Amino acid sequence: MSVPGVRCDDHRRRWDIREYEKKASNRIENLRSVKKQSAEDEESGDEAEIERKAVEKKIARTLLQAREFKVDLESRLGKSVIVTKATAPSDAGGYYCNVCDCIVKDSINFLDHINGKKHQRNMGMSMRVERSNVDQVRKRIEMNKAKQNQVVKEYNFEERLKEAKEEEEKIRAQRRDKKKESKKRKLEEYQSLQDDDDAGNEDAMAAVMGFSGFGGSKK
Ligand SMILES: [Zn+2]
């Protein structure tokens, strides 16, 4: 509440600190008295009351738990659907939550919804998170370390695969060169033998062997 007596020469709102302090202390006192009352009730041993509380505790929602599946946001992306009045909400456009039976129109709001209080309540969970103990933290750290090592291993494997491929390629290239050289040598030998023969004869021989010429004339 702004204080009427104080002149406000800027746009900021001012608060009556004393009034709010009084309200806060009243609230705290009320809370304390309620707690005291409930403690006294328990001590008094009212069986019906105790039973009711036990049932309430059973109904109490579980702690917030991590989702174990991947949220499907993209499977219906870019598809067109005809939506009529008779279309089931799960088949209509947008993201359908089968827990709360509601449709959310876009992925950001859908994520907000499934992470939200109302949805978690319908799932039977409260928004309270379990407090981890030291052992759990250690386990998690070890797990993450193992994960890192796995990634390194995979990388090494890929690298080795690449190296092997390169090695194979080299060997192939060498073989190709050898083949070329041996062909060339054979040709040269043949040419040196046929050097004195006339061109017609050579062409005929080439035709018999299946190519147009020996290419020696290019040298
Ligand atoms: Zn929901």
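Every residue gets a Cβ built from N, Cα and C, even glycine.
Nobody curates TrEMBL annotations by hand; they come from automatic prediction.
Taken straight from TrEMBL:
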COMPBIAS  163-174  compositional bias 'Basic and acidic residues'
COMPBIAS  175-185  compositional bias 'Basic residues'
DOMAIN    92-126  domain 'U1-type'
REGION    163-201  region 'Disordered'
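Residue counts for the compositional bias 'Basic and acidic residues' (163-174) by DSSP state, with H, G and I taken as helix and E and B as strand, are 12 helix, 0 strand, 0 coil. For the domain 'U1-type' (92-126), the model's pLDDT averages out at 90.
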